[in-house]
Amino acid sequence: MKHLLSIDDLSVDQIQEIFATAGDMHDVQHRSVKKLPALRGRTVVNMFFEDSTRTRSSFEIAGKWLSADVINISAKGSSTSKGESLRDTVLTVCAMGVDGLVVRHPASGAAQQVAGWVDASVVNAGDGMHEHPTQALLDAYTLQRRLGSLEGKHVAIIGDLTHSRVFRSNVQCLTKLGAEVTVVAPPTLMPSGVGPWSESAGFATSYDVDEVLPHADAVMMLRVQRERMSGGYFPTAREYTVGYGLTRDRLATLHPDVPICHPGPMNRGLEIAADAADAAQSAILDQVSAGLAVRMAVLYHLLAGEESSA
Amino acid sequence: MTDAPTAGSPEAAPRTVLDARDVSRALTRISHEILERNRVTSDLVLLGLQTRGVPLARRIAERIAAVEGVEVAVGELDVTLYRDDLRSQPTRPSHRTEIPATGIDGKVVVLVDDVLFSGRTIRAALDALADLGRPAAVRLAVLVDRGHRELPIRADHVGKNLPSARSERVSVRVEEIDGDDEVTIS
């Protein structure tokens, strides 16, 4: 494995191998010395051309706990704000002898392009509305730990699908691992072209949350991405909550063993009620610690072996 | 360690150096040696090195239980992430590390492995132990010591010293993983 750009690049065996490694990495979080020497002497650069707190800090801690040297570059304050092209910025950084690049960019396909320019291993940490493979891996890993196996389990993904890269990666990952997936959104936030894709990828679509929830073994709420919307997708926030939010009433209809996931950051009171976010069955904080373990596992698999092992 | 014997040339035919009874006897002797050196078994932790050291550590614990009537804490240690050759080989999958709930602080830790060769695995294990706690003492028990050390490391308890050429392969089979107990050289 040279790069991680899309869930599509991974076989089921590779995904399970990452999960097995993540299991070991998870244990490190409970140790007094949270450090493994596996990536000693390797340099990882987090290039975030879009704001992010949890993904960037998760990758930063993951790299540091594996003993890699980690630096962060953000668009603000970097030479891109002076007009340098992405290609020049990336090539300049790689000329410093970098082994791994973690790239987040608002343009779909950016990580793929970067991977074509450099020798370093590239991890896609979210590209526009396209993919977010480590998020999908950590979600599936969290659910697999909670549910035992994903085979035949029914996962409902609810919310703003149009603007969600998390949904795109998650559908691929969960169906690959044998889960049945139903995606739910208001008609205005259901991506165009989802019909043919759902048929080929084998997932279901619905506009009705209350019809899907009683059959779900796991619920994944998506953030309403107000910053990506130019308006007009739904009349008011209140109306969205009534139609598609995981409200206190809907929470009461869920079995107490059904895990509730949210990739964060949450709009409490909009797509998810505080009661649901803080419920005993909420897996949201599990997702954060799983994210660290999964990112450690990904960096280990990309960077620990010999360079020609790609 | 478990490579299938190469068929064909007669020189390559593996020679059995320890059969199942020899392995059993060696483990019994190691168990007694460990007991003699550690009168207080509550301070003892056996850590099997992944993968074949783990069943060996469990068997030693069973023998100690049979002799002393006490349960000795057993754990599993994977040193993949501490190896110094990670970069010269394709990425290896790591295995489970499981330390007994009592921890290893202040305990006498006996590392258990199948073969002692260059000593680099044990070096990695000592690094891993340092991250997991501070044992009072660390000892090493191996089923086979085949020599060719590259580091100043020696075993405290040895099932069999096996002089070997560097080019030879020593293979250990254990029942829990391979279906039978045997040590061969080829």
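Heads up, the Cβ atoms here are built off N, Cα and C, so glycines get one too.
Curation does not apply to TrEMBL; its annotations are automatic.
Among the candidates A:ARG31, A:ARG104, A:ARG238, the one that TrEMBL lists alongside A:ARG54, A:THR55, A:HIS132, A:GLN135, A:GLY264, A:PRO265 as binding carbamoyl phosphate is A:ARG104. On a Cα basis, A:ARG165 (L-aspartate binding site) lies 14 Å away from A:THR55 (carbamoyl phosphate binding site). Other Cβ atoms within 10 Å of the Cβ of A:GLN135 (carbamoyl phosphate binding site) number 27 in total over all chains. Within 10 Å of the Cα of A:ARG165 (L-aspartate binding site), the following binding-site residues from the list A:ARG104, A:HIS132, A:GLY264 place their own Cα: A:HIS132. For the binding-site residues given as A:LYS82, A:ARG104, A:HIS132, A:PRO265, the lowest number of other CB atoms within 10 Å of the residue's CB is seen at A:LYS82.
For A:ARG54 (carbamoyl phosphate binding site), the same-chain residues that are 6 or more apart in sequence and have a Cβ closer than 8 Å to its Cβ are A:GLY264, A:PRO265, A:VAL288, A:GLY291.
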